[in-house]
Structures are given as C-alpha cells and as structure tokens.
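Residues or ranges marked as transmembrane segment in TrEMBL: 12-30, 36-54, 66-94, 106-127, 148-169, 175-208, 220-239, 284-306.
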Amino acid sequence: MFENNKLINKFNFVEIIIIFFSILLKYLIIHKVSNLVLYPYLCGLLFLAFCVVFRKKVKHSELMKIMFLFLISVYFVVYYKDVNFLISFLLAIVCLDKENKSFIKIFMVSSIVLYILNIVFNFMGILPSNNLVRYTESGVITRYDLGFGHPNEVFLFWLPILFSAYYLYGENKAFYLITTLISLILFYLSNCRTGIVCALLLLVLGWIQSFTGKLKNFRFISIIFLMYSFISILIASKFGSNINDPINVALSYRPYYWNLYLDNNMLFSIFGHNYNTVWYIDNFYLYLLIDLGITGFLLYFILYFLSLKRLHFDYKLVLIIFVFLLYGLFESNVIIGSIQFAFAIQLKILIEDKKTRIILKNIEE
C-alpha cells in the first residue's frame, strides 16, 4: 500500500470532504433532516469513499478486508437501518495510508467548526432550544441544550473534540487548563454528569501520563468491551428491579429501563429485535445486544478485540478508547462513527497488513 514505506501526511480535498460531511451527518440527524435528503447524502459519501479506494495502492488482501467490512456495513444498513458502522467504515477508508495525527487533526478542526456553528445558530434563533430542568435538593437546575437537541448531547459532541485535542496536544500544560475550563463551563450550562466525569477522567489520566510516561497497565484493554458488557447486565439486574434504588436514581433511572428488557426476555436473540428501543437504553453494550442481537454484538466485539490487541503501542489512542467505552456504559450514542472517531482508526488497523502496522508503530513512537 505504501510508496517507499512512508505514510502520507496530507489528505486530498475529497478525503477532507468525506471527513467533514461524515461529522455533519449526525448534526443533520439530530435536527431531523428528512430521509429523502439523508439517503442521497449517504450514497454520495459512499461513492466518494470508493473513488478514494480506487486511487490508493491497495493490496489484494487489504481489498478483501475492505469488501468484508463493506458487506457488514450493508448488513447493518439494510437489516437494521443503522448507518453508524457505515460511517466508521467510510472514515477508515479515508485513513488508509495516512498518519493517525493527520486524520485526527482534520477531524478535530471539522468538529470544532460544526460545534461552534451549532451554538451560534442556536443563539441566533435559527436552531431551536430544547432545555430541560433537573430537580435537586438545592432547587431546580435549568439544563441548556445549546441547540444540540438534548442537554446530554452538549457533551456528546464536545468529547470527540476534547479527545482528539488530547491526542494532538496532550503534552502541553495549556491544553489541560483550557479544556478543563471549557468542560466546566459546558457542564454548568448542560448539567451533563456523565459527560463531565468522562472529560475530567481523560484529562486526569492524560495529565498523569504526561508526567509518568506511557501507561503500561492497559493490556486488559482488548477485553474491556466484554467486561463493560457484563457490568451493564450486572447493574441492570442488581439495581434496576427497584425504581427507588439509590443507585438507580443516581444513574437517572437507566438501570430500571435496562432491567425491563431483562424481565421481558428481550435481551438475547440471534439477530436482535430492532425495536429502535421500546424503552430508552442509554447503554452502548445493551443497545448492541437488544437492537442488533448476538450477531451484531459479536461483530463489534470481535472487531474491538482484534484491533485493540494491535494498538498497545499507541497509548494515547488506547486511553481515548478506554474512556469512550466507559462513556458507553451510560450512552448508546458511542456507536456513532462520527463520535467515536477512534473506531475508524481501529478498522483501518485491521485492514492494513502486518508490514503497514510495523511502519505505523515506528512513526507513532
């Protein structure tokens, strides 16, 4: 795939367009753009991605992997009407023969532009507000959505920006000061507890890494997907049966809704129920099991397991994935390709051959 065994830093215009419009897709969905627009939109992105593939020097073995992942994408789109894997696949195609830093920089800049525009359009009254209130012992708190459709999505769109910035600037002390301040301001406005915990966790662990060097205790990362899945089921069964359980209340009644699927024997099936959630799940792992079935769950698990086994050398990316997967305990939207951007890099690693991975490892180190 590579000329002179070197990765290419620069993205061409078409590749940048694919990244930008893949991120924009989630914004179009939350603002309820018609499917009559979204389907041609997706087809256009897919066409551009295959144009990119045909221009690359792809080996036969890599082409077979690309076609296999494309078939998985088609399976999810046709059977479940789920485009999330397809978006990750498209971004993975763009990443081929590119450095991770180059891809992440374009992803970050595109995300920042769209994030700021969304807030500006909300302040101008172009995008509507859907603010909520939270009742606490100290009174009523207004949760502002800043035009993202729900207060929790303020952090859903902020975390990819924060995580990509960490990957690029994690050695800079000013990065921690600026991003901590922004995260606290966003928390003050949205009161998104899960989001702020994940943001601060990454910043704390990243800050520790900047002083102590690479964290060498992340070998377990390849099985953490399965660990979090078992933890999700355990939380549902232990704390979800009683709606007034303190843990259930603290987690905004998520375990209670998860437990409804357990009690009604809806958790395990071969191909999933494709309910589009009868009761809102808010858990990445249970969403896979319930909506996409054991088949969909195993596909994601295998892809995560194989890719994470090959990513130990990139300790920043491993930390990002670790926090993303933790976020997935309380947020099913981690499945979105334009949110969990690291999954595109994981698919890229699986596509590329062994020689490619060695070159990539040397460059990242």
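The backbone N, Cα and C atoms fix where each Cβ goes, and this holds for glycine too.
The shown structure was predicted, so the numbers you read here are calculated from the model rather than taken from an experiment.
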Test of understanding: applying the rule of at least three C-beta pairs under 8 Å (pairs 6 or more apart in sequence), is the transmembrane segment (66-94) touching the transmembrane segment (106-127)?
no
State the residues, same chain only, that lie 6 or more residues beyond the ends of the transmembrane segment (284-306) and have a CB under 8 A from a CB inside it; answer 'none' if no residue qualifies.
72, 76, 80, 82, 222-223, 225-226, 228-229, 232-233, 236, 258, 261, 266-277, 325, 328-329, 331-335, 346-347, 350
Return yes if the transmembrane segment (12-30) and the transmembrane segment (175-208) have at least 3 CB pairs under 8 Å (sequence gap of 6 or more), otherwise no.
no
Would you call the transmembrane segment (66-94) and the transmembrane segment (148-169) in contact, using three or more Cβ pairs under 8 Å, pairs 6 or more apart in sequence?
no
Determine which residues of the chain contact the transmembrane segment (220-239) at the Cβ level, with the cut-off under 8 Å and only residues 6 or more beyond its ends counted.
245, 247-248, 251, 255, 258-259, 261-262, 267, 283-286, 289, 297, 300-301, 304-305, 308-309, 311-312, 318, 321-322, 325-326, 328-329
